[in-house]
Structures are given as structure tokens and as C-alpha cells.
Amino acid sequence: MGKKDQLRPKVNVSSYIHFMLNFRNKFKEQQPNTYLGFKEFSRKCSEKWRSISKHEKAKYEALAELDKARYQQEMMNYIGKRRKRRKRDPKAPRKPPSSFLLFSRDHYAMLKQENPNWTVVQVAKAAGKMWSTTDEAEKKPYEQKAALMRAKYFEEQEAYRKQCQGRKGNFLESAKTSLKQ
């Protein structure tokens, strides 16, 4: 690493992680010779987290907000490489929607028409409640359609993978022949 290279800022942590770190330090002070495995410690920590008051949780939430602000500020000043999302191949088949998404598509317009001032999030929550209260007989057509779309997707995915392997094979053969010449 050269002088110009910067270390990437440490990612902000949640209020629960702040609590967990604090709880761990207190636990080590109180019982320095006791060893707890990760599973046992996590269980104790989550039980304690559920039992503390909202006022106490607010302290950790404030720490998390400060940490988030610190991270965002450091990222604004960060010059180094940023993580890039892997670009999706436009020729690759798209994953099919779930039965719930098919249900949501059918009921979105109706919900939006009944409640025009609702946000997308509120409509999605209402669709989720409708889906959870819908009986199995009404869900069945959506589940069957989703299963058909999923089967078609897997077939297309298999064909796409074979096509990609074929392209790689052709590329390797052409590279070998060009090296021989």
C-alpha cells in the first residue's frame, strides 16, 4: 500500500451490536474466569436485549446513529475503490416472481385505488396482510402459476449455462489455435 492509498472506513454497526459489545465487556469484568461459547453468549445476550427497557435501548440506538453519521462522513471523504455491484448479463434469464408477488401484482391496483394517498410501502404491507389471511384454496392458483414459471426458469437457466459453456469452449479453442500460429 502506497502513501496515497487509504484504508476503507470501518462500517457502522447496529444498536444491538453496540449493546452486545458493552454486555461482553461487563460480562468479562464480572466473570473473568468463565468461558462461554459463541452460541451460549449470543443466547444470553439476546435474552438480555429483549428484557431491557426502551429507555436503555435508546442509548444504544443513539450510539448507532452517531456511528452511522461517522461512517457516512468518512465515506464522503474516502477516495479509494468502492465496491461495485456485479453487472447482470442481459441475456441471462430473470428469476420468476413468487406466488406472493403474483398475488400482489393482481391486488396492487385495487389497493391503490381504494387508498390513493398510500405509499408503496403501505400498499405492500396491506398486500402482505391480505396474503396471510387468504386461505389455501385462493392461494393455490398463484402457487401453481409460480411453480410453472419456476420450472420454465430452471429450463432457461440450464440452456443459458450450456450456451455460456459453449462460448467459453469456443474462446479457449480459438485462443489455442492463435497461440500455435
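Positions of Cβ are set from backbone N, Cα and C atoms, glycine also.
Heads up, TrEMBL stuff is auto-annotated, nobody curated it.
What TrEMBL records for this protein:
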DNA_BIND  9-79  DNA-binding region
DNA_BIND  93-161  DNA-binding region
COMPBIAS  80-89  compositional bias 'Basic residues'
DOMAIN    9-79  domain 'HMG box'
DOMAIN    93-161  domain 'HMG box'
REGION    80-99  region 'Disordered'
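Confidence annotation: the DNA-binding region (9-79) carries a mean pLDDT of 90 in the model. According to DSSP, the domain 'HMG box' (9-79) comprises 54 helix, 0 strand, 17 coil. Mapped onto DSSP classes, the region 'Disordered' (80-99) shows 1 helix, 0 strand, 19 coil.
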